[in-house]
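Engineer: Please find one structure pasted underneath; my questions will follow.
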Amino acid sequence: MPADHIPALALAGPTASGKTAAAFAIADALAPRLPVEIISVDSALVYSGMDIGTAKPTPAEQARVPHHLIDIRDPLQAYSAAEFVQDATRLIGEIRARGALPLLVGGTMLYFKALFDGIDDMPPADAAVRARLEAQAAAIGWSGMHAELARVDPPTAARLAPGDSQRIQRALEVWHVSGRPLSSFHTTKTVAASARPMSAASLFSLEPHDRAWLHGRIAERFHAMLAAGFLDEVLRLRARGDLHADLPSMRCVGYRQAWESLDGLYPMSSLPERGIAATRQLAKRQITWLRSMPERHSIACDAPDATAQLVQAVRARVWGGGA
C-alpha cells in the first residue's frame, strides 16, 4: 500500500478496558499485509521508572510490535499536550514512510482531543518560571495561588478548584511567560483542519455496556499491581529525593494515592480502596469524553466477541471490507 494511502488509526478506551490486548489483536490481524507500529497516547507511560503503576507494556510486548512515546521523560520533567501532538505528528509521517500503519493507543483524552481538534499555540513550559511559582506556593499555599489566578485570569480560576495545583501552576505560568491569560488561548485553534494528522473519524473506542464489568477489572488490576510490587516502585521513586507530590508524574492515578499514604496523610490500609476509587473516577471521565465524539466507532469491550468485532471494523476501515 502506498504510504500516502495508509491511514492512521486510533484506539481509545477507559483504563482496564483491554486496549493493550486489542492493539496486539489488530497488529496480528493486519501484519500479513500491513505492519503496525503503536504510538502510545498515555501521559503516564511517557515516564521512565513508572512501570507497574502504569501497566506499561513489557519489554517483550514492546519488542513484538514497535512502540513509541514510552519512557521518553524522566518523572521530574513535564510533557505537554502540545509536545505530544508534535511528536505524534512526526511519528505518523515516519511510520507511514516505512510502509507501516500508525496505531495510536491510549486513554489520555486530552492528547486525543489536541490531535483531532488542533491545539492552541500556548507558550512552552518554562522551568525558571515554574520554580518561582512553586516557591511562591510554598509560602502562601495553593489557595493563595488560586486567588492570584483569579486576579489575572478570572475565567480559568472559576473552573479550577483551589487545590488543583497542577493546573493553577500552568495557568499562572502561561500568564507570566506570555502576558496573556490562559483563557484567551481557548478561543481559537491555530492548526487548520487540513494540517491535522488525523480526525476523530479514525477513532475506535472500547466502551463497556456494563459499568460493573469495568469496575471489577479496575479492582482486579489495582490489586494485581500491588501484588507485583507497586508500592516498592513508589518507594524507589521517593528515594531519589528530587521528586515531590505536585509533579505531573506523581499526580498520576495510583501514584498520587500511594504517595499520600507514604506521607502519612491516609492509612496505608486505605490505599487499595482509594486507588480503586480514583481509577473508577478516571474511567468515568474517559467514557464521558468518548461519548462526546459522535464520529467514533464504538465497540462494547465487555461483549464476548469484542476483539472479533474490533478487528472486523479495522479491516473494513483499512481495506474497505476486504479480509
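Each Cβ is built from the backbone N, Cα and C atoms, and glycine gets one as well.
Quantities reported herein were computed from a predicted structural model and do not represent experimental measurements.
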Engineer: Region 'Interaction with substrate tRNA' per Swiss-Prot sits at which of 60-67, 260-267, 284-291?
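Structural biologist: Residues 284-291 are the ones Swiss-Prot records as region 'Interaction with substrate tRNA'.
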Engineer: Tell me which of 95-100, 209-214, 251-256, 275-280 corresponds to the region 'Interaction with substrate tRNA' entry in Swiss-Prot.
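Structural biologist: My reading of Swiss-Prot: the region 'Interaction with substrate tRNA' range is 251-256.
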Engineer: Need the matching range: Swiss-Prot marks region 'Interaction with substrate tRNA' on one of 42-45, 150-153, 314-317, and I'd like to know which.
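Structural biologist: Based on what Swiss-Prot states, region 'Interaction with substrate tRNA' spans 42-45.
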Engineer: With the ranges 71-75, 166-170, 186-190 to choose from, which does Swiss-Prot describe as region 'Interaction with substrate tRNA'?
Structural biologist: 166-170
Engineer: Based on DSSP, tally up the residues of the region 'Interaction with substrate tRNA' (166-170) by helix, strand and coil.
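Structural biologist: So the region 'Interaction with substrate tRNA' (166-170) is made up of 5 helix, 0 strand, 0 coil.
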Engineer: Taking helix as H, G and I and strand as E and B in DSSP, count the residues of the region 'Interaction with substrate tRNA' (284-291) in helix, strand and coil.
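Structural biologist: In the region 'Interaction with substrate tRNA' (284-291), the DSSP-based counts are 8 helix, 0 strand, 0 coil.
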Engineer: Return the residues near Thr108 (site 'Interaction with substrate tRNA'), defined as same-chain residues 6+ apart in sequence whose C-beta is under 8 angstroms from its C-beta, sorted by sequence, else 'none'.
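Structural biologist: Non-local contacts for Thr108 (site 'Interaction with substrate tRNA'): Val41, Asp42, Ser43, Ala44, Phe84.
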Engineer: How far is it from Arg130 (site 'Interaction with substrate tRNA') to Thr15 (ATP binding site), counting Cα to Cα, in Å?
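Structural biologist: Each residue's Cα considered, Arg130 (site 'Interaction with substrate tRNA') and Thr15 (ATP binding site) end up 30 Å apart.
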